[in-house]
Amino acid sequence: MKLFTCKQIAGIDQLTMKLEPVLSIDLMERASFQIADWVIKNINHDWQIYLFAGPGNNGGDALAVARMLAWSNLKCTVYRIDFGRELKGDPVINWQRLEEQNQVILRKIDSEDSIPEIPVDAIVIDGLFGSGLNKPLDGLAKEIVKQINRSGATIISIDIPSGLFGEDNSKNDLSAIIKADHTLTFQFPKLSFLFPENCEFVGDWTVLPIGLHPNAIEQTETPYHFLTKKFISGKIKPREKFSHKGTFGHALLIAGSYGKMGASVLASQACLRSGVGLLTSHVPQSGYEIIQNSVPEAMTSIDPSETVFSEVPDISRYSAIGIGPGLDKKQETQQALKALLQAKPSKLVIDADALNILSENQDWYDLLPENAILTPHPKEFERLAGASFNSFERLQKQLQFSAKYKVIVVCKGAHSCITLPDGKVFFNSTGNPGMATGGSGDVLTGIILGLLAQNYSAEDATLIGVYLHGMAGDLAATEIGEYSLIAGDLISHLGKAFLQLE
Ligand SMILES: NC(=O)C1=CN([C@@H]2O[C@H](COP(=O)(O)OP(=O)(O)OC[C@H]3O[C@@H](n4cnc5c(N)ncnc54)[C@H](OP(=O)(O)O)[C@@H]3O)[C@@H](O)[C@H]2O)[C@H](O)CC1
Ligand SMILES: [K+]
């Protein structure tokens, strides 16, 4: 699914009105109906509903929602912020319709004294400001937001929590943003919803389709995408009847050191469960028995060192290479990593300690092969590319890094963010907090490696791998919950995840 900036969404609205055609008031009615329908299905009908309406179309939505909730006899009071300016456009029509309906209590807020006290067992519907916010909230608007946040009531935001920008909140006043329990957003999630620091404002979010015109969406260019099941399913290649293990590639995994062999075991198992034909796991001598016993399906390549990776094996036989999990950062490992990069492997995944070694040797970045896949978590990315003030700034750094070194970067987390050298950005839609546990990243490396070896392009191996990894986590969580989830559960649910994509 494409993701757009708020400005672009306004453009898509305009195009929809022209192409469908539909009047703006009717588009507002359609959008508001979706909100009202969700509210009616999801809230306790005995509770008082406080609707807050701002001066623009977000406020217009709130007014229409109030009228629709009254059809179902819900107890609604509308508070319309009054900056002393006349309402304009569609909100005027919706105000008049509410007056005519005469079933909803209508109040205006024109000073701090007129801001209501809101009881805890109330529902607040926040239609103060939406995608048309043009500066941080202050004055009366900020006071209303603070009062709503203080109330402890259940807050449902229309389209976007009031005060939050759809993209960059680096310069925003964070004390002047609604902290919603639920955000009901129109047609597309906004970029800022995907950044962890905004979770306290956005709460749980739901996308409500409002029938924006497919041609308008198609015509509007964007670098931002949200991974969907349909998109990923379309990338999975069927396994042909006459294929054999040679058809599905031979992966080399360089992982594990004395005391950290679990990383090699997990990544090896995940690689095999991702459909690779053959896997060779390169391990130090002390890891030989461990890997043979734990992953009998894998072949082994044994390093001369007893404890760490110290020498690159002949890489010519392998279709893809993965390096990093559990490697440690000993001097001989650092030199061996450099030698591997100098050998210019054509398909490479780099994770964990291999990334940490790189960040301590930044002059090696130029050795990175084109389309190498780097899978840092935010801290590892910070070591690679420097600190960022927030996730939006980090995304800009990530894009620069991908473009400069022509590599794919996966910044792992909730909604893992993937950047490509051509400037495209993909946010993942699968996964859950249960996956924040040791070994989860090793599993991802194994999956991506397995797909790369099967001759998926670096881009596809990354997108499918990230999505599958999260999906396996979601399937595991439905069976055992998030608390008890461990990395091994991701591997044992990979099969079911693949089945869902067929
Ligand atoms: N496709 C869709 O998503 C649809 C969305 N709809 C809804 O429309 C809003 C966007 O509506 P818009 O009128 O563009 O914007 P807002 O309602 O967010 O607010 C604009 C007004 O607010 C004033 N403003 C902006 N920032 C501030 C501020 N910091 N302090 C005070 N006032 C502010 C602005 O006034 P200016 O004079 O400054 O321009 C405007 O008066 C979207 O979010 C959806 O809810 C449609 O209903 C259906 C299609
Ligand atoms: K809002």
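Here the Cβ of each residue, glycine as well, is placed from N, Cα and C on the backbone.
The annotation domain 'YjeF N-terminal' is assigned in TrEMBL to 9-218.
In three-state terms derived from DSSP, S131 ((6S)-NADPHX binding site) belongs to neither a helical nor a strand segment and is classed as coil. Sequence-distant contacts of S131 ((6S)-NADPHX binding site), defined by Cβ-Cβ distance under 8 angstroms and a gap of at least six in the same chain, are C6, I9, A10, N58, D159, I160, G166, K190. What TrEMBL records for 57-61, 130-136, D159, A263, G326, H377, D442 is (6S)-NADPHX binding site.
The annotation K(+) binding site is assigned in TrEMBL to N58, D126, S162. According to DSSP, D126 (K(+) binding site) sits within a strand segment.
Per TrEMBL, domain 'YjeF C-terminal' is recorded for 228-501.
Taking a C-beta cut-off of under 8 Å and a sequence gap of six or more, H415 (AMP binding site) has these contacts in its own chain: L194, F427, N428, S429, G431. Per TrEMBL, AMP binding site is recorded for K412, G413, A414, H415, S416, G441.
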Check your understanding: Which binding-site residues among N57, N58, S162, K412, G441 have CB under 6 Å of ligand 2?
Key -> N58, S162
Exercise for review: Taking the recorded K(+) site as N58, D126, S162, identify the other residues of that chain whose CB atom sits within 8 Å of the mean position of the site's CB atoms, giving them in sequence order.
Suggested key: F52, G54, G59, A62, G127, L128, F129, G130, S157, I158, D159, I160, P161, G163, I178
Practice item. Could you measure between S162 (K(+) binding site) and G413 (AMP binding site) for me? Cα positions, answer in whole angstrom. Key: 26
Review point. Other than K412, G413, A414, H415, S416, G441, which residues of the chain come within 8 Å of the AMP site, judged by Cβ distance to the Cβ centroid of those residues?
Key: H377, V410, C411, C417, N428, G431
Practice item. Determine the binding-site residues, out of N57, S131, N134, K412, G441, lying near ligand 1 in the sense that the CB is under 6 Å from one of its atoms, and give them in sequence order. Key: N57, S131, N134
Point to revise | Most crowded position, judged by CB atoms within 10 A, among N134, S162, S416 as binding-site residues | key: S162
Exercise for review: May I ask which of the binding-site residues N57, G60, D126, N134, H377 is closest to K412 (AMP binding site) if we compare their C-alpha atoms?
Suggested key: H377
Review point. Which whole number is the mean pLDDT over the domain 'YjeF C-terminal' (228-501)?
Key: 97
